[in-house]
Ligand SMILES: O=C(O)C1=C[C@@H](OP(=O)(O)O)[C@@H](O)[C@H](O)C1
Ligand SMILES: C=C(OP(=O)(O)O)C(=O)O
């Protein structure tokens, strides 16, 4: 399905949206719930990725396809590696078979796991023969994807002696590692993270516990972007969010202050208000951000800056090349079609200020939900078309219903 999208005047006034639970928190809790059935999860994400993961841990089938769900692929590799007497073949979409997993597979092999590559060395599909993992320490490269580390952390307390992980190189996406440790802590599983070493204590049993997942901050980013591009006085309420978030992408609240968007927290709701025009400093020199702790909001921010006509220099983006698509190249291609002057390296994006947006451009989405969602706010400025619009369900099932609710006109092409 391709969509033509247009905004209407004054559309962002006093709207309320209930965003589904965090995909990252949900995926962690679904694995932990298999290891500790005493856990009850509330506000679980309704994303395709979480549904894939939930199916994978509950099915008796030996062939499991997890589609585009990268986190699920990584977490399930560790989970199945320690499921004694169970053998599975874990596969995914064409793109998934080109997203590297060797660092995690090697770490699990070092712990005693039996994992082999079905097609290409270093990539899914994987044949995993479940075994008791008896070793209790491992070293792993931390600069490619934090998901490999979270995968090990999720199974760590179920290993006979717990697990000590030594992280090598500069650690990327640290808030996601901290999210994993915080969830373990909420459940009563003890851990320490000091310098480059993480230790998780073994744990046989847990007390019954209900965990309420906070709503997804990466999904909230699209509303921040719309707010930045809207008129002063616009306002939207999003639920259910917390001031003390486990999600690194909650840094949005601070970042979007530069674009005149104010966030207030009240009980479980955040209110975003367009309070001011963009700050003078940003208008004059653009914005520089290192997003190594929040890679999933890079596309949103690049498009916001383009829509506002301000320059940006985004760094710390090395993980974007191995996500649902090469997000750096995809951003460059689509922003250029809209009239932007943009350049990328393997780890950064540079956007020049521009003053016009080309109308009716058809945005390619490259099987990447965030390519679709990140470009939609521009429809507040000019009509825009989004190819393969259903791609959004990977993380945000009701995205298009919510866009209609806040006033976008979406027509099928
Ligand atoms: O652990 C997680 O839930 C995630 C970690 C991040 O990946 P990297 O560590 O590969 O950057 C992020 O991009 C992804 O969407 C979700
Ligand atoms: C990168 C993402 O997901 P994953 O790596 O889990 O496919 C994402 O949701 O932006």
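Placed from the backbone N, Cα and C atoms, the Cβ positions cover glycine too.
Taking the Cβ of residue 296 (active site, proton acceptor) as centre and 10 Å as the limit, one finds 25 other Cβ atoms among all the protein chains shown. The active site, proton acceptor annotation in TrEMBL covers 296.
What TrEMBL lists as phosphoenolpyruvate binding site is 23, 70, 99, 147, 327, 370, 394. A C-beta separation below 8 Å, combined with a sequence spacing of at least six in one chain, links residue 394 (phosphoenolpyruvate binding site) to 47, 48, 49, 67, 68, 69, 324, 369.
According to TrEMBL, the 3-phosphoshikimate binding site annotation covers 23, 24, 28, 145, 146, 147, 173, 296, 323. Sequence-distant neighbours of residue 323 (3-phosphoshikimate binding site) (same chain, six or more apart, CB under 8 Å from its CB) are 70, 99, 295, 368, listed in sequence order. In three-state terms derived from DSSP, residue 323 (3-phosphoshikimate binding site) belongs to neither a helical nor a strand segment and is classed as coil.
Annotation source TrEMBL lists domain 'Enolpyruvate transferase' at 59-403.
Across the structure, residue 28 (3-phosphoshikimate binding site) and residue 327 (phosphoenolpyruvate binding site) place their CA atoms 24 angstrom apart. For ligand 1, the nearby recorded positions are 146, 147, 296; that is, of 28, 146, 147, 296, 327, 394, these have a C-beta under 6 Å from one of its atoms.
Across the fold, the C-alpha of residue 146 (3-phosphoshikimate binding site) and the C-alpha of residue 296 (active site, proton acceptor) stand 13 Å from each other. Take 23, 70, 99, 147, 327, 370, 394, the residues named in the record as contacts for phosphoenolpyruvate: the widest Cα to Cα gap among them comes to 19 Å. Cα to Cα, residue 147 (phosphoenolpyruvate binding site) and residue 296 (active site, proton acceptor) are separated by 13 Å.
Less than 6 Å separates the Cβ from ligand 2 in the case of 323, drawn from the binding-site residues 28, 146, 323 in sequence order.
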